[in-house]
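Data block below; observations after.
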Amino acid sequence: MAAVSFSQLVNGERAVVTLFIVIVLFSLPLSLFLYGVALSLLAIFALFVEVRVETSTSLSQFKTRAGASSGILLGAVTLPTFMLSKLIQQSRAFSLHHVHLGELNYMALQYWAAFGSCFTVLMVLCLFTSDNTRSHSCRAWNAKFGLVCFLIGAELLFLYSTTGVHAIWKLLWVFFHGFAAVKLVRHLLNAFPSCVSFGEALLITVGLVLYFGDMLAYTIVKPYGYMTSSELVFMQYGFRRSEIGIIIQGLLLGLLLYAAVLKYLLRGWYGFSSSTYSGARICIEKGKSAIFFASLGFLIFVIIPSWIHFVQDFDMHPLLWVVRFVFMEPVKRLSLCLYWVCVIYLSVLRFYNISKNSKTERILLRKYYHLMAVLMFLPAVILQPKFLDLAFGAALAVFLTLEIIRVWRIWPLGQLVHEFMNAFTDHRDSDLLIVSHFSLLLGCALPIWMSSGYNDRPLAPFAGILSLGIGDTMASMVGHKYGVLRWSKTGKKTIEGTAAGIASVLAACSVLFPHLASTGYFLTEHWISLLLAVTVSGLLEAYTAQLDNAFIPLVFYSLLCL
């Protein structure tokens, strides 16, 4: 580390990430000072690890995506900073008596779980990767620095756990998240080589671990909730989840677990069919298809509803509850569904024909889907936000199912889905895993999901739609057609494109403001703070080599919450 030059230490992406963290830290109330110290430590340690591995061959063992930087700093700090921004918003709400203490404490626990997960992955990466620095003194300095970061991080976790009661349960809960994140990030990089960068893998795995941990918490609270009121500290911090949130969580995590189990089901079928139906290829494929659809139906209609019934008291089957929810306002919601079907059909048919019969670059074709997201989601988030929550979950479930069908080539749809999806891939996708459509949908959905409940920042739910559907699209189109001045000698992003993206988001906000004011919102956003949020997210789009659909909405949402 000591031998690294200043030019190696500073680049555009790191400068933007640093600015992002400084803005959040500057907004911290004194009551969250310990959280700010933890975030600062995490950022310093992540920068240390990123520089260390990028100046050596340490990451070659993980087979990360070619052509992208490691993204360790961005991947390590994004979710903890996102959680801290929500915690700042919740602390404002608590001071105004809009949320109760349990909700605030639960968000604090989620922040420390995110911090512990990222910090543990960084520590393992630091310990178990080679240090190819030039001298023995540099290696000794690096070892001492890593040890100091570990000791400070452990002390911060200890200080947090001793505030309140049941310190051992808090520490175990954070340790569980860290251990699971290490295992999952290694599995992701081994199972899908050359599909993601390390920073992207870190963001995905920490997000999944937090989501799985939340599901585990709600599963544990049911039997223990009636036996004791404070046996598990993270349970007493929990709060009642909406029916839609529980349904989405059960469906998505059930499908993710099913994708892992399916491998063993199909392996058993191949072992059986190879000896019984030798040479009958079509019979083997049809049998595989039958196993897939039968097991998928059992999962959706039996296993997932059983878990949902276990953690939440439904008076009917969850699927019937969804049907009833849709028909509570049949005209509005069915009309919205019909509108979505028409937009999807016309847009996909048009874009697919263009991809096959023209020389239009794929980067521009993919931005058309961003515009389609604006057409679909913007009216819905204004008119039917709760129904849109459910629709996002259903769409993600469909995407997951189609990706499983594509990866496993399930007859008769597997090859057709593969050929269709390949028409819109770019260098960040591969035959093994296509993630762009997931990141676009999640980038639009997460700000809306996270804004449910208390929200004193009315622009926050629009963060994904504004940053991806409008800002990122205009930046790419203007930069591709008119861009001349590039941000760096090796990059393709242009100053003209970034300026167009920032200007387009600000213009869209100026259109949204009158509508939000007419619906009774007290607009607390000021143009200076909004300009800062839009500028930072725009600069991140210009400088990052990571999958920007995943990072930009989280950064923009975090800054809007402050």
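The first residue you see is number 1, and the count goes up from there.
Cβ coordinates are placed from backbone N, Cα and C, and glycine is handled just like the others.
TrEMBL: automatically predicted annotations, no manual curation.
Copied over from TrEMBL, here are the features:
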- 16-49: transmembrane segment (TRANSMEM)
- 70-89: transmembrane segment (TRANSMEM)
- 109-129: transmembrane segment (TRANSMEM)
- 201-221: transmembrane segment (TRANSMEM)
- 244-266: transmembrane segment (TRANSMEM)
- 290-310: transmembrane segment (TRANSMEM)
- 330-348: transmembrane segment (TRANSMEM)
- 368-384: transmembrane segment (TRANSMEM)
- 390-411: transmembrane segment (TRANSMEM)
- 432-450: transmembrane segment (TRANSMEM)
- 462-482: transmembrane segment (TRANSMEM)
- 494-514: transmembrane segment (TRANSMEM)
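Most Cβ pairs under 8 A with the transmembrane segment (70-89) among the ranges 109-129, 330-348, 368-384, 390-411 are made by 109-129. As a quick check, the transmembrane segment (462-482) and the transmembrane segment (368-384) clear the bar of 3 or more Cβ pairs under 8 A, pairs 6 or more apart, so the two touch. Between the transmembrane segment (390-411) and the transmembrane segment (290-310) there are at least 3 Cβ pairs closer than 8 Å, counting only pairs 6 or more residues apart in sequence, which means the two stretches are in contact. Ranked by the number of CB pairs under 8 Å to the transmembrane segment (290-310), the listed stretches 109-129, 244-266, 368-384, 432-450, 494-514 are led by 244-266. Across the candidate stretches 109-129, 244-266, 368-384, 494-514, the maximum count of CB pairs under 8 A to the transmembrane segment (432-450) is reached by 368-384. Sequence-remote contacts of a segment are chain residues at least 6 beyond its ends whose Cβ falls under 8 Å from one of its Cβ atoms, and for the transmembrane segment (368-384) they are 329, 332-333, 336, 339-340, 343-344, 347, 351, 391, 424, 437, 440-441, 444, 448, 461-462, 465, 468-470, 472-473, 515.
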